[in-house]
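Peer 1: Handing you this structure, nothing more for now.
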Amino acid sequence: MIGFLARRLLELAGTLAVASFLVFGAVYLAPGRPETFLLGGRGASPQLLAAIRSQYHLDDPFLVQYGRWLGDVLTGRFGESVQYRSSVLGLVGSRLPTTVTLIGMSLVLVLVFGIALGWLGAVRGGAADSGVLVGTSLALGTPSFVAGVVMQSYLAIRLHWFPDQGSGTGFADLLYHLVLPSIALSLYWIGMLARVTRTAMLDVLGQEHVTVARGRGVPERQVLRRHVFRNALGPIVTTAGLIVTGLVISTVLVEAVFTLNGVGAFLEKSVTVKDFPVVQAVALLIVAVFVLVNLVVDLLYPFIDPRVALGAREGDA
Amino acid sequence: MRLYRTCLVFAGALVLIALAAPLLAPHDPNGVDLGAAVSGPSAVHPFGADGSGRDTLSRLLIGSRTALLGPIGVVVFSTVAGAAVGVAAGWRGGWLDTVLSRGSELLLAFPALLVAMLFVALYGPGLLTPVVALSLAYLPYVSRLARGLTVSEKRRPYLDSYRVQGFSGLAICVRHLVPNIAPTVLAQSTVNFGYALLDLAALSYLGLGLPPLTPDWGAMINDGQDAMMQGHFLPAVIPCVAIVLTVVAFNVVGGAWADRISRRAA
């Protein structure tokens with residue numbers, strides 16, 4: 001266990017190191033000269049340009065620049081936003097609560113409704129199952145920003161049930177402002193999780209041990225919970241990992257629809273104005289979340305299914 | 001089965017509409033008719049007009065071209081490049097396999113939309129930049145599949161028999177291996193079409209896709225949101241419906257093909 005954890009953490013650090021190299025290298029290779037980006041399109045005298053080049057060490061070799069940047073990042077200095085002229089860490093940090101709350105609310109919705117609908121389809125069959133299949137097909141064709149725009153038009157603007165934009169003031173108000181965004185964000189992933197849950201449960205339902213349990217007179221509720229769902233958890237947890245990362249990147253869209261002041265909208269605006277220090281930092285943050293979630297899923301696996309060795313997921317074989 | 005047939009007909013009709021769009025569109029998609037701004041459906045503008053008085057139906061029809069062309073580009077690029085990487089890794093094995101597989105794993109840590117946003121930040125918006133970025137992001141999914149299929153196919157005796165007859169590795173791969181793994185890889189690519197359409201529409205909605213004047217569904221939603229704030233829903237909701245119907249149709253068709261191929265293989 002300790003050895004596995006150490007190896008995985010090392011791999012994680014390796015992935016992040018290479019990812020940081022890619023993110024930094026991409027900006028280095030970008031067409032156009034970095035000092036013009038740093039000026040944000042404003043004209044400048046040759047003296048100012050030279051001053052900027054030396055302030056940002058732009059005349060150093062690539063690897064030296066990368067090394068300095070990585071050293072800064074490792075000590076928590078992500079540099080200064082070109083657009084706002086203040087620390088990237090502070091700018092991202094102040095927007096993090098909105099985004100984390102949005103992701104949290106959406107994740108709860110996805111887990112509750114995704115599993116419930118998948119369970120319903122697998123266990124009930126018939127019309128309920130057809131309904132689940134059609135509903136999930138529709139959900140899987142509906143990107144979060146489309147769902148957001150449609151809900152915004154009818155539930156917020158026409159019916160005034162919910163605010164149409166902004167994050168509100170205070171935590172309770174924030175939760176109220178995030179109701180529609182979190183539904184918009186979760187719809188697609190509810191469809192995906194329901195599909196996976198349904199298939200996984202149908203797979204287990206066809207196995208002999210379920211027939212045996214029923215034959216021995218175990219109550220149906222208990223059969224479903226302990227014998228079927230418990231065994232179907234593997235694919236569900238793997239998908240849940242995928243969903244967390246999907247929610248993280250989709251916040252960019254939903255925050256744009258509802259003009260929320262979160263990290264996703266910040267990334268989008270920074271991309272538009274080529275505010276590279278912010279883009280680099282947020283991109284690294286997203287990759288870090290991605291890698292961490294994968295690690296957590298791998299660590300959870302042996303607890304879900306003791307037959308699976310640590311680090312080997314189902315289907316790897 | 002009825003759903004599959006409906007979706008197949010819809011997808012086919014959409015391709016025809018996209019091909020004939022300039023003939024079908026009743027107005028110039030960028031033509032401004034200020035008197036009709038945010039008007040509802042009428043004889044002149046069957047789906048109404050947007051906030052600048054541009055005909056929604058014409059924009060929708062012309063927009064179907066980029067909506068289909070972009071994902072086709074992503075699917076073609078990612079399939080060709082991904083299959084090449086996967087077959088090379090699976091066939092040669094050894095260090096090449098290690099390098100290529102590790103590289104793919106690394107790419108998987110970057111969500112597709114993030115890769116696309118990074119590319120747009122660096123190279124500016126347009127049709128080609130997001131398509132190249134998404135192709136790169138989808139490549140590992142294709143290469144992983146192609147590598148797995150190649151490894152299991154390599155064990156089959158028919159490939160050994162070609163080697164004994166003196167064919168080069170490249171010739172065996174191109175003429176015999178690739179045709180045999182192609183159906184499974186192509187089925188996966190059909191499914192990727194839907195994802196690519198969603199990602200491209202999302203970028204275009206954010207204003208990071210096509211140039212502003214090009215009629216595109218994602219951008220139409222963004223344009224329509226202003227009119228929506230004033231209570232006119234059609235200009236934003238109609239392209240929403242178009243995206244959902246198109247993606248569902250292609251997903252159902254692609255899923256059915258993938259099912260059919262995996263059943264034939266089993």
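Placement of Cβ uses the backbone N, Cα and C atoms for every residue, glycine included.
Note: TrEMBL annotation is automatic and uncurated.
What TrEMBL records for this protein is below:
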type	residues	note
TRANSMEM	A:12-30	transmembrane segment
DOMAIN	A:96-297	domain 'ABC transmembrane type-1'
TRANSMEM	A:99-120	transmembrane segment
TRANSMEM	A:132-154	transmembrane segment
TRANSMEM	A:174-194	transmembrane segment
TRANSMEM	A:232-258	transmembrane segment
TRANSMEM	A:278-301	transmembrane segment
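Could you tell me the structural context for the features on the list?
Peer 2: Remote same-chain residues near the transmembrane segment (A:12-30) are listed as 37, 62, 65-66, 69-70, 73, 276, 279-280, 283-284, 287-288, 291-292, 295 (criterion: CB distance under 8 Å, separation of at least six residues from the stretch ends).
Beyond its flanks by at least six residues, the transmembrane segment (A:232-258) meets 98-99, 102-103, 106-107, 110-111, 115, 143-145, 148-149, 152, 164-166, 177, 180-181, 184-186, 188-189, 192-193, 196-197, 199-201, 203-204, 264-265, 267-268, 286, 289-290, 293-294, 296-297, 300-301, 304-305, 308, 313-314 of its own chain at Cβ-Cβ distances under 8 Å.
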Peer 1: Give the nonlocal contacts of the transmembrane segment (A:99-120) in its own chain as ranges (CB under 8 Å, at least six residues past its ends).
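Peer 2: Answer is 128-129, 132, 135-136, 174-175, 178-179, 181-183, 185-186, 189-198, 200-201, 224, 229, 236, 240, 243-244, 247-248, 251, 254-255, 260, 262-264.
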